[in-house]
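Pasting a structure below so you can have a look.
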């Protein structure tokens, strides 16, 4: 009976709706010996499903467990049960992720302990518990294996910036923007000490490494590091020497020294016993140009981490990792981790070769500090990663983020994985039942993918400059791409051979599209000119008239083109002559999108001025101004029956309008929302109606399908990442293609 109960999606749905996923994960762990007598693999399937989807199963409205199950590997019992459920439920809307085989789940557990950003998290010494803290002013303690909450404390009057376990796990210390440091009993939640000697926000707190003596180091924007003995009421030592905010502090492995990192561009080493400054490393010296004075250089040293033997210290500033010899203060090595983001945090693996770094662009990287090579790139967070910390034995590491989650990763599993990243700019052609996808792979390659088989049909060599946009011809003979350098190229899809190349712009190319005869390529960059290039004859026509950058364009019939711009205007061009045929002064703000009605008589425009408008091509006049959105109106689309217009905005709201009268018919939005969770998970970026005009699909933080008549949600597909830029839909409304901000491709098929 226990097997039948716990190996059931119905049970998972009922129990998680009632008490959340952590209790259930705990039960799979607790009863594993009994459950494994029947089938250990099935128990692992269910436990993994809950561990990786727990952060979703705590949401309101409650997600569809069957749809989540359909995203599991096809060999999983969870997937097989979900497939049977989906096939039995007539009239329900479910989606098969047909290319999911290529995705590896690298994290072991995802926990959503907070209602706001999670600034810090750490393991207890025995690896059994995790403490986390953040912007919601709470301290959370939960089981590292299941995510089950053990303790929740409303700990401070302002954001909690750091937390730390004592070496024996008895206490947890917290420090906050409210200038206070507090020490709690980690089992009962009882407050043992409150220290109020700092005069500014306290950025970091760190217990010493040895059991038996409770020493706590703290540092603050008041420029001081303080050392506290938990048996005493007042500060034991105040370390004075920094001239700006102190961001981070850590005891050396033998507890003899405390290292501190400051906005003044230095790392200082202090004797823990006396509080005297022992050494100072001028980190900012390694960032100055030859002609700069050291005093002119501003370098915020973010954090540091000691090697296991205490002979080296790793320091983070801007986008660099710097490794110093503690005795001589000499720089041993340095690595520029990223040119596009800053490092938020770092931690040495206890084995001393691996270093984990948390980056501002939602990812975590593992580096081998000896070979100076990146060994893993960990995607999964949907916003800035603030913290990364290894477990005491180095087998696991955890990360915490603005996305309200703490994720636990297996170090070996992550290091064995290789991760290819697609950019969100792609083009899709639905051809004879096949889905052909042109995508930008690892920035400098172009890939043609068969979405049905998840196979790479063609891949170009690496280009000299990153690729910024791409397009396919409808007959699948040609592809084109634009580069950040301003170059555009046309290539033959059969072999990837470049047929024509042109240095078209002095800036990054934003959009490119073939005409229906494939002989002409139309492109735009970050300027106000559209280029019409007959690449076969090597002839160009330039469409000049917009006063600000082109947002986008679309082809009309009879050699006409519709373009819209940040200057608030929409124009109709003759691409043969280059002349403007119609000029619409549409909005007071940037025009963000346009759509053309199925009969070709009207178009709609949406804007940063929070309005949408419907226009007549013939009379050049506005037919309806659609007001009511409370944010930028990002996208719009007409229904195939020519009766409705859907608009989506940056608050995640979708509205359905009557074209004939301009009346608002429906809102499409969830009835209830998680606190702090935007509708649709963010901006609505794409909309598409079904051929019968009865359903609507939208892209945003995730994908949603709606009943157009009632405005009710039919299904939600939660992608691993977020910020979906667009949704490509097949003519029969059964296939959907998108890419998330982690570079993961989704080819979805309606069951």
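Yeah, the Cβs are placed from backbone N, Cα and C, and that goes for glycine too.
TrEMBL lists these features:
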| type | residues | note |
| --- | --- | --- |
| DOMAIN | 1-89 | domain 'APAF-1 helical' |
| REPEAT | 111-152 | repeat 'WD' |
| REPEAT | 153-194 | repeat 'WD' |
| REPEAT | 195-238 | repeat 'WD' |
| REPEAT | 239-280 | repeat 'WD' |
| REPEAT | 378-410 | repeat 'WD' |
| REPEAT | 502-534 | repeat 'WD' |
| REPEAT | 543-583 | repeat 'WD' |
| REPEAT | 584-625 | repeat 'WD' |
| REPEAT | 626-667 | repeat 'WD' |
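Describe each of these features in terms of where it is and what it packs against.
For the repeat 'WD' (111-152), the residues of the chain that approach it from at least six positions outside its boundaries are 21-23, 25-26, 28-29, 51, 54-55, 58, 158-165, 167-169, 172, 174, 176, 184, 186-187, 189, 383-384, 386-387, 389-393, 396, 398-402, 404-408, 674-676, judged by C-beta separation under 8 angstroms.
Restricting the average to the repeat 'WD' (153-194) gives a pLDDT of 97.
Across the repeat 'WD' (195-238), DSSP assigns 0 helix, 22 strand, 22 coil.
Note on the repeat 'WD' (239-280): residues 200, 203-204, 206-210, 215, 217-221, 223-227, 287, 297-306, 308-310, 313, 315-317, 324, 326, 329 of its chain, located 6 or more positions outside it, place their CB under 8 angstroms from a CB of the stretch.
Each residue in the repeat 'WD' (378-410) gets a DSSP state, and the totals come to 0 helix, 18 strand, 15 coil.
Residues 548, 551-552, 554, 556-557, 562, 564-572, 631-638, 640-642, 645, 647, 649, 657, 659, 661-662 of the same chain, all 6+ positions outside the repeat 'WD' (584-625), place their C-beta atoms under 8 angstroms from a C-beta of that stretch.
Across the repeat 'WD' (626-667), the DSSP tally of helix, strand and coil residues reads 0 helix, 22 strand, 20 coil.
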Based on DSSP, tally up the residues of the repeat 'WD' (584-625) by helix, strand and coil.
0 helix, 23 strand, 19 coil
Which residue counts does DSSP give the repeat 'WD' (111-152) for helix, strand and coil?
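Split into helix, strand and coil, the repeat 'WD' (111-152) gives 0 helix, 23 strand, 19 coil.
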By a Cβ-Cβ criterion of under 8 Å, what residues six or more beyond either terminus of the repeat 'WD' (378-410) are in contact with it?
55, 106-123, 125-127, 130, 132, 134, 144, 344-351, 354, 356-366, 419, 421, 676, 701, 720-723, 741-744
